[in-house]
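First comes the structure, then the notes that go with it.
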Amino acid sequence: MNLLNLFNPLQTAGMEEEFDAIKIGIASPETIRSWSYGEVKKPETINYRTFKPERDGLFCAKIFGPVKDYECLCGKYKRLKFKGVTCEKCGVEVTLSKVRRERMGHIELAAPVAHIWFLKSLPSRLGMVLNMTLRDIERVLYFEAFVVTDPGMTPLQRRQLLTEDDYYNKLDEYGDDFDAKMGAEGIRELLRTLDVAGEIEILRQELESTGSDTKIKKIAKRLKVLEAFHRSGMKLEWMIMDVLPVLPPDLRPLVPLDGGRFATSDLNDLYRRVINRNNRLKRLLELHAPDIIVRNEKRMLQEAVDSLLDNGRRGKAMTGANKRPLKSLADMIKGKGGRFRQNLLGKRVDYSGRSVITVGPYLRLHQCGLPKKMALELFKPFIFHKLEKQGLASTVKAAKKLVEQEVPEVWDILEEVIREHPIMLNRAPTLHRLGIQAFEPILIEGKAIQLHPLVCAAFNADFDGDQMAVHVPLSLEAQMEARTLMLASNNVLSPANGEPIIVPSQDIVLGLYYMTRDRINAKGEGSLFADVKEVHRAYHTKQVELGTKITVRLREWVKNEAGEFEPVVNRYETTVGRALLSEILPKGLPFEYVNKALKKKEISKLINASFRLCGLRDTVIFADHLMYTGFGFAAKGGISIAVDDMEIPKEKAALLAEANAEVKEIEDQYRQGLVTNGERYNKVVDIWGRAGDKIAKAMMDNLSKQKVIDRDGNEVDQESFNSIYMMADSGARGSAAQIKQLSGMRGLMAKPDGSIIETPITSNFREGLTVLQYFIATHGARKGLADTALKTANSGYLTRRLVDVTQDLVVVEDDCGTSDGFVMKAVVQGGDVIEALRDRILGRVTASDVVDPSSGETLVEAGTLLTEKLVDMIDQSGVDEVKVRTPITCKTRHGLCAHCYGRDLARGKLVNAGEAVGVIAAQSIGEPGTQLTMRTFHIGGAASRAAAASQVEAKSNGTARFSSQMRYVANNKGELVVIGRSCEVVIHDDIGRERERHKVPYGAILLVQDGMAIKAGQTLATWDPHTRPMITEHAGMVKFENMEEGVTVAKQTDDVTGLSALVVIDGKRRSSSASKLLRPTVKLLDENGVEICIPGTSTPVSMAFPVGAVITVREGQEIGKGDVLARIPQASSKTRDITGGLPRVAELFEARVPKDAGMLAEITGTVSFGKETKGKQRLIITDVDGVAYETLISKEKQILVHDGQVVNRGETIVDGAVDPHDILRLQGIEALARYIVQEVQEVYRLQGVKISDKHIEVIIRQMLRRVNIADAGETGFITGEQVERGDMMAANEKALEEGKEPARYENILLGITKASLSTDSFISAASFQETTRVLTEAAIMGKQDELRGLKENVIVGRLIPAGTGLTYHRSRHQQWQGVEQETAETQVTDE
């Protein structure tokens, strides 16, 4: 044993301790001294002539250990035989020099010093404990004031501050009856004399007696800190330091450069400063120097220690010779370049290389081409081993030589070594897990790595100079995992949405499309063939062409009852190309999948179907064959682009003239004052938008058809073989929007701020642009480039926050047994089913039985995983909604259960235990982030036009139903006018399933009745898109109030038109203060001149005009129900700025309160209005029991309810963006989840990105993981504190078992950054953001990190508790428990 120890001196008993948790705390002076190997007394570092460390200095060999292995400083003892001897001459212990990396020293401070983290890291912990303000504590610490530490019998207060003059006056007055101190001594005295237990008692009593919210918060915070100290057994005065530990010298090296200069770590400067000041202070104290000098020196010492610990936290940062702030201990660990992110979470690895990538079109899916040079270097150890084994080399040195000479045997051995040894390829940025995949290397000449074209989509790689890194898995386990889990051919489906990610693109698509298109009257049309071989012969002898329509007998394979394949022969009418393609179909895939022109979407469906029907292996082989075929026919097709392919439609000139005429007409109307400037702009933009679309349509119609003569000599249309059209139509490259710019018109352009320039570019690229048009276009083009550069960083940051909040979420058990879940319905918007029910529930587990609505029988039992078969069955039976399990309601404590998560999207079956679903969710949401531009102009263009819809039409036949919020009145023309704010017309089909849902704005005229049968294309409602009306619900005679011209309303005369109208003036703009509160209103009188009241109440009808309203009625005018009183131009009330794209997603996940948030009803009840205050309206809701809830709303806000309306809790009452916190509070978790999922999906859908809902739900689960204790009961929590949901549940269960009162709690929603920082693991939080704050808090709380999450385990250098690491962690825990039980048993037997 001792012999072994000789060679392994560092692995003594203490080093290899198994540990299960890491605890952080504040070190006591004794602890610091116990770490130390000696006191550093001098600021010297090394002797500049001998380069030997000075004795007692910062690099002293006596304290920190020898500079050279097994050699003392003076050279008396050398070599291993003297190991452990301490030299009597120089005092150095003979041992390994690497102890200089771990031996610490210490500095005995002549005066105590406060630790800056506990002082300045907000909120100040010292301030909290002492209940003093930070300002006061600083005045004491930096010697500006005295603090009374012991008032004795005097009337002074403990902790009272005295200025110097005060102090001397009081001394004269009271003599030695009281104690007051300055500096850290004073603070330390206060801390030492504070009775923690007593203080806690007092605070708990105060907490119960006090009523004010702010006070409760303040006391609770103090209580938390004091209880933490009490619990952990740390003393308060340890926050003040007597002893300063010194970092081991090799961690702050000093390296001699040539020319007698030294490169040194900043820490040495900072330590030197501390030692100098400390020694000076010692000397001054010995000399009994005057007080003022000593004080100054103590203050300087405090400042020196401050900047050593955290430079720049207080006052100016200390700078070195180069005027840069010195890098202190705190800077070493925080930020991107700090210890956590640079060295612990991101290490560089050996056995890796990188090179440019190029295409390997002949590779199989699981292969990649690896340059021989790289392979030789990467696989060196394996080659050395083989050379020695085969006896070609006797030592490693000899083997090295052989490899360097590159003798022929080495290449043979390399081939052997590489066979079946997977390597991993990675392309930065690795945005999701498919950014690293394993391949089998094929040795190639040249220096570029060859990559299979089909995996490019997963890596987001192209061959314009991208580079990739290669890593070699060394151990057998690593090779096994690479092969089974990471091999490219095992990753066919995308983890984000479960669709194939190995989908052909570009040339391959074009080749397959060209091959499967049909041509009218091609050579040999109508021939019949006995089998595909005959078709081959005919094609090769040029009897038929690729597109020739023929009839052929094909053999297909169908599964019989026993599950075996049987051949079936069918006749098909098809084309030559499709018949040839049928040869590569896997067994069991029907021919009809390829019996059509294959576009990109179709090919994706084809591969998906193949995966579901034929399994992984056949699909991979099929994908490879598709690729080879596609490339082959793309080459044979020779499709190219010429300028003539961009055909400009003949109708263009006429369409442009028509649009110009319309614009001219609008301009005329504007001159006559019929429309406002804003309306004119909206309409002009609208006209040009429509004109652009019409031209595009004419152009596409023109491009997509060509006239040909068929066999009978008639002229017929067939789909065009225009190259540009084929590329766009197949989905290979380009889109209709791009072709529109090539040969239609470029259309409207956006300014950099997103607003649209109203003069469009009428030319296209083929005609060429004028200088002005070119100039207009540069705006948008440059913004695009600037955006791209900026948005990448934002996207990366979002992904980082998401990963951090979900990193510890792992599937840990099979089933948590809950029956909770969410009800899923199809997403219907406008007339379209955006996401069908089947897509939303596929791969979920049912939470309750699914029942057939017509027969009432159970279709699917609760707890069943819904496969494709089952969802199709549910779909056909007409079920409208299904309750499914969801991660948000999962009851598993630390992690998730497989049933609540459902199907693992990338594997197509129930998720395995150990799958890191949190990280996968974060990557799936973050990865497309780069594609979500900051509010792109596509949206800029679309938003302006969507606003101009003026009617809704039904898209399908069915029955119209009005939503529950629908309110309308009939006007005197008999039209139904909508007066509700959130009304919808829903259309149900014959079985009663919801097919469409249309929003109808306030003031729209309904053209259908509730329950009426309607036909597709029927108009449901119409309205004026450019103004918002104000409508009366009662009939009567108009009587104005507060209608003073020039005070509340202004007669506006349009400069251009000379017509005038009354417009309500903004209250802020009015001259006198009295008139600011006046609001122009309209009352209604009956024929006797009495004010009309709201039916059933005695409140008179009174409608206030909002600011900017143009009043359309006159005093004394008779009006009927549903008449328009005023119109509010839409241009002035701009449509709310829609935050789009990435910022919107970030806003949702950060749970930010939107500015100008809308308001939701707090309770269910009846609305009434109370007395108005200055600038605010008072809205009162009274519930059934007569309890009133009132709230003040500023007058600018648009109130959506009116007197006497009944509202439900959580219904919107004031217009504005919804605050997610309100939804959670008033409508509960399910409504909140539905809102966030819906809103996030909206953003991704606009970009055409598909993400499974469950990923968003996983993030929401983490945002809801903490709860607020409303009433602690007898659980030991503090009322008002936030705790982990799991801890709270556990505490409540325990309380109930013991018959105590459980805690009541309320759900709270945390943004992802907040949630990451509030995790139980301080290591994970500290490595994310705000390192200083997290560590300070953790140290005071004496926190223990259980190392449950992935990040903590990466940091301490363990396998992560996910995937194959989960079993490792579980077996470790079992071993531990076994050991613990054994020790317990032995103790029992001993007794």
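Positions of Cβ are set from backbone N, Cα and C atoms, glycine also.
Look at Swiss-Prot and you will find C72, C74, C87, C90 tagged as Zn(2+) 1 binding site. According to DSSP, C74 (Zn(2+) 1 binding site) is assigned to coil rather than to any helix or strand.
Residues or ranges marked as Mg(2+) binding site by Swiss-Prot: D462, D464, D466. A 10 Å cutoff on Cβ-Cβ distances gives D464 (Mg(2+) binding site) a total of 5 other Cβ atoms nearby, all chains included.
In three-state terms derived from DSSP, C816 (Zn(2+) 2 binding site) belongs to neither a helical nor a strand segment and is classed as coil. What Swiss-Prot records for C816, C890, C897, C900 is Zn(2+) 2 binding site.
Using the Cβ center of C72, C74, C87, C90 for Zn(2+) 1, the list of other same-chain residues with Cβ within 8 Å runs, in sequence order, A61, L73, G75, K76, Y77, K89, G91, V92. Using a 10 Å Cβ-Cβ cutoff, C74 (Zn(2+) 1 binding site) registers 14 neighbours.
Annotated pair C87 (Zn(2+) 1 binding site) and C900 (Zn(2+) 2 binding site), C-alpha to C-alpha distance, rounded: 67 Å. Comparing Cβ neighbour counts within 10 Å across the binding-site residues C72, C87, C90, C897, C900, the minimum falls on C90. Each of the binding-site residues C816, C890 was ranked by the number of other C-beta atoms within 10 Å, and first place falls to C890. Ranking the binding-site residues D462, D466 by how many Cβ atoms sit within 10 Å of each one's Cβ puts D466 at the top. Neighbouring residues of the recorded Mg(2+) site, listed in sequence order and excluding D462, D464, D466, comprise I357, A461, F463, G465 (Cβ within 8 Å of the Cβ centroid).
Between C72 (Zn(2+) 1 binding site) and C890 (Zn(2+) 2 binding site), the C-alpha separation comes to 63 Å. In the three-state DSSP assignment, the secondary structure recorded for C900 (Zn(2+) 2 binding site) is helix.
Among the binding-site residues listed (C74, C90, D462, D464, D466), D462 has its Cα nearest to the Cα of C900 (Zn(2+) 2 binding site). Cβ atoms within 8 Å of the centroid of the Cβ atoms of C816, C890, C897, C900 (the Zn(2+) 2 site) belong to the same-chain residues E813, D815, T818, R885, P887, T889, K891, T892, L896, A898, H899, Y901, site residues excluded.
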